[in-house]
Amino acid sequence: ERQHWQLHHTDKVHAMSDSDDMPSLEDDGGEVQPAARTAGVRKVAHADTSRPERIECEDDTSDSDNEEDWQEMEEAISGKTICLFCDNVLPSVQLAFAHMIDAHGFDCVAFVCRFNLDQIGYIKLVNYIRQKRPSPEILFTEENVKWESSDYVKPVINDDALLMFDVEELTKIEEQPDHDQRTLYNEATYDELREIIVKQREVMQRMLQAVQAVSKNDNGIIKTVGDMRPEEDEGYFNSYAHFDIHHEMLTDRIRTESYRDAIMKNSNLLNGKRVLDLGCGTAILSMFCAKTGAMVTGVDMSDVIYQAMDIVKENELENTIKLCKGRLEDLDFEHKFDFIISEWMGYFLLFEGMLDSVLYARDKHLANGGLLLPSRCTLHLVGMEDMDTYEKIISFWNDVYGFKMSCMQKEVVKEASTDIVKQQHIITSAVQIADFDLMKITPNDTEFTSKFSLTVKRDGKLTGFVGYFDTYFDMPSPVFFSTGPQAKPTHWKQTIFYLPSPYIIKKGECVEGTICVRRKRKEIRSLDVGISFADQKLKYLVE
């Protein structure tokens, strides 16, 4: 029952104006793992159900760092890494490397290691290939370096992303080939080299993952909430010690009754099984599960668990429910669980990052054949027209008791509301921007880029984009609920990304763009969101 920090419509999601740099969803020139790595997440653009690309980012430790992050985010959206051997444009250097392996059989990192190239040598190699256009087959038969000339220092393509890539850091991740390995390269036939490349693909992927994880932890894995020290996360858990937030969640009938129905309508599956209730709060979900005959373990770091213990005793379920205080990542259990249930969703689905703990529990504590509840979530975007609210929040600053405060508008635009959007204010079709199969995804999948296309339903002015999520319990008796404007309101409401100024749209036209979602590096429970459309590049911060 652990839930997100309560946001009123003054709680903020930061956006940037068109005059600012567009945020990139890359750090250090790379995306968080190529899209081929995980089958559990899909990007949806129009009817496309391919997976969203994951993205990499820096900590926002200062204003200058923040601007650099958003600039990198822009590079991820515009995507200007051109393949060395074809005209394909890839969203990042890492994906270009992966593309060259898959499409052309050219392992750039192995080639750099073969000739023991430093950064300058690598730059010359890139410009040599771009200028002379040798095939990968010819390159692999080269015995001597043909790109030593200083002529190859000059870029063939302006702002070539490959030239900006720090190849020396990449090659340091794996040890250079020893003498025998270099001899093998030099003496191998073309077919043998091809076989060597194939064998190196797995190593290449590990190397890519490591370099993509610069600004992450030392093991090359995205930093999750489990990596935080307890004292760093104390404020988050303390927020759940206040009873008003639990009252708000329990009185959300859509939320609570959906969980109850998923449990009780499938009680035969839970009967006699072990269930882990992650972030149990007042233990309401634990007690639903106990009523099916399940043996339940509830976990919560917040002090509310002491009240939960009294609640369990009050309902005479202490022999069925065991409650543990602590962070899941710090606890050990004597057995695995058949079901892990958690109400982890935050505003815009991913805010708070509690999904990290759910995935950790799945990997460490879920028994073979077990199931997460819920099992799937989707994230959606839709356009809105609400000039009255826009005037109250944005235009208000033009005249405040006779004084101009227009300088505040830019800052206020960065502070989108979490509020209920009425169906009458929806002016476009909705689009699914991500599909999270919770049984398959990894924490890296919470960072992604997705294109969107919204069909305008009537003439009007677009005042903002609205984000919401849907939740699925894929069971024999399935249960579903939505937090969208078309559904009955929940305490999640919707997340509104206001525009710097209303955008005139006509019925039947399509509003096309790209949305990028990533996590802040130090405040990893918060989100950076970039939206690009109609030559506008906007950035938002959900915190």
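First residue shown is number 1, and so on along the chain.
Yeah, the Cβs are placed from backbone N, Cα and C, and that goes for glycine too.
TrEMBL lists 8-17 (among others) with the feature compositional bias 'Basic and acidic residues'.
The annotation compositional bias 'Acidic residues' is assigned in TrEMBL to 18-30 (among others).
Annotation source TrEMBL lists compositional bias 'Basic and acidic residues' at 45-55 (among others).
Annotation source TrEMBL lists compositional bias 'Acidic residues' at 56-67 (among others).
For the domain 'Protein arginine N-methyltransferase 3-like C2H2 zinc finger' (112-155), the predicted model reports an average pLDDT of 86. The annotation domain 'Protein arginine N-methyltransferase 3-like C2H2 zinc finger' is assigned in TrEMBL to 112-155.
For the domain 'Methyltransferase' (275-369), the number of residues in each DSSP class (helix H, G, I; strand E, B; coil) is 33 helix, 27 strand, 35 coil. The domain 'Methyltransferase' annotation in TrEMBL covers 275-369.
Among the features that TrEMBL reports, domain 'Protein arginine N-methyltransferase' is placed at 376-534.
TrEMBL lists 1-67 with the feature region 'Disordered'.
With DSSP classes pooled into helix, strand and coil, the tally for the domain 'Protein arginine N-methyltransferase 3-like C2H2 zinc finger' (112-155) is 27 helix, 0 strand, 17 coil.
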